[in-house]
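Taken straight from TrEMBL:
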- 91-349: domain 'Fatty acid desaturase' (DOMAIN)
- 63-83: transmembrane segment (TRANSMEM)
- 198-219: transmembrane segment (TRANSMEM)
- 225-244: transmembrane segment (TRANSMEM)
Amino acid sequence: QDAFVAFHVDKVLVSKYLKPLQIGELAPDQPSIEPTKNEMLVKDFRELRATVERLGLLEPNQLFFFLLLAHILLLDTAAWLILFYFGTSLLPFIFSLLLLTISQVQASWLQHDLGHLSVFRKTKWNHLLHKFVMCHLIGASAKWWTLLHSQHHAKPNCFHKDPDIDMHPFLFTLGKKFSVELGIQKKKYMPYNHQHKYFFITLPPLLFPTYFHCHTFYIAYTKKYWVDLAWMLTFYIRFFYTYGSLLETKTLHSLISLHRMLESSWFVWVSQMNHIPMDIDYDKNLDWMSTQLQATCNVEQSLFNDWFTGHLNFQIEHHLFPSMPRHNYWKVAPLVKSLCAKHGIEYQCKPLLTAFADIVHSLKSSGELWHDAYLHK
């Protein structure tokens with residue numbers, strides 16, 4: 001199926017594991033497409049997939065990714081050198097903090113590429129460098145990220161299947177349908193009618209320093225990802241050794257706390273601009289393309305937007321072809337737009353600041369729907 005094809009790079013390898021799982025074949029008179037799925041759209045998307053493969057758009061440019069890694073390491077080194085050469089007064093501290101934050105966020109985008117197996121042709125090299133970037137440069141578990149992110153891609157914005165929307169209903173109420181349901185049930189875990197206000201001081205600055213930081217260690221320990229844990233410890237050893245030799249204990253803790261908060265804010269605004277304003281519902285068992293398009297939108301292309309978002313401004317193309325190297329998204333975008341136009345599917349693309357504002361607008365709208373349903377007798 002399309003999801004299987006999208007996630008697996010080495011088809012020859014994975015095909016070896018399929019035969020024992022076969023339970024039979026469809027009778028000739030049975031339909032091969034479920035009634036909830038658009039048969040013509042499935043056919044056209046598979047033709048598009050064949051075109052993408054024929055044009056070589058799934059082939060990575062390793063120089064592109066080498067330069068990305070080089071600029072991450074350069075920024076990481078510069079952050080320490082500023083404190084080493086210019087001292088630890090306020091101005092050098094701020095510059096070091098900014099460079100460290102940029103380095104960490106860009107490393108997050110690169111580990112995302114590696115986790116999707118889009119940097120090297122060989123899977124094992126993607127996994128190895130993924131551990132270096134995610135575990136050693138960032139301090140989180142690569143397997144933890146793969147576990148959660150694969151679920152997100154399989155069923156984006158599907159309640160109980162996409163872990164990225166697990167914040168509903170405990171912190172926020174998301175989507176029109178669920179907000180009304182929650183209000184009718186008279187459930188109030190938070191003052192949802194004010195969620196567009198408290199969003200600014202909760203999810204963006206606190207996701208990484210609190211939830212992600214604890215959850216990555218919890219999952220790595222409970223699932224016995226011992227190799228990941230060992231790699232993760234090297235991040236903390238390196239960080240506290242290098243910066244601990246220059247900074248006092250309180251200043252050192254301020255540096256790591258502030259950079260995690262800034263990194264978290266950057267990540268949340270970018271990652272949620274493509275999903276929270278979109279349709280959030282139960283799994284409707286739609287075809288692959290419809291599932292991805294109803295849950296994703298794009299942000300306009302520019303050199304800055306590409307760099308700032310790690311090319312996640314092409315969220316539609318990324319979700320349709322998760323193993324495609326990010327430098328090829330712009331090439332396939334016109335083909336995806338054409339297919340959407342043919343089948344009457346909305347292809348949303350908006351300016352960056354509009355995308356950020358839409359996060360707040362969607363939260364405000366959901367909160368108001370909950371409030372109206374909650375007060376209705």
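Including glycine, each Cβ sits where the backbone N, Cα and C put it.
Using a Cβ-Cβ cut-off under 8 Å and counting only residues 6 or more beyond its ends in the same chain, the transmembrane segment (63-83) has close neighbours at 92-93, 95-97, 99-100, 102-103, 106-107, 109-110, 113, 119, 133, 137, 242-243, 246-247, 325, 327. Model confidence over the domain 'Fatty acid desaturase' (91-349) stands at 96, taken as the mean pLDDT rounded to a whole number.
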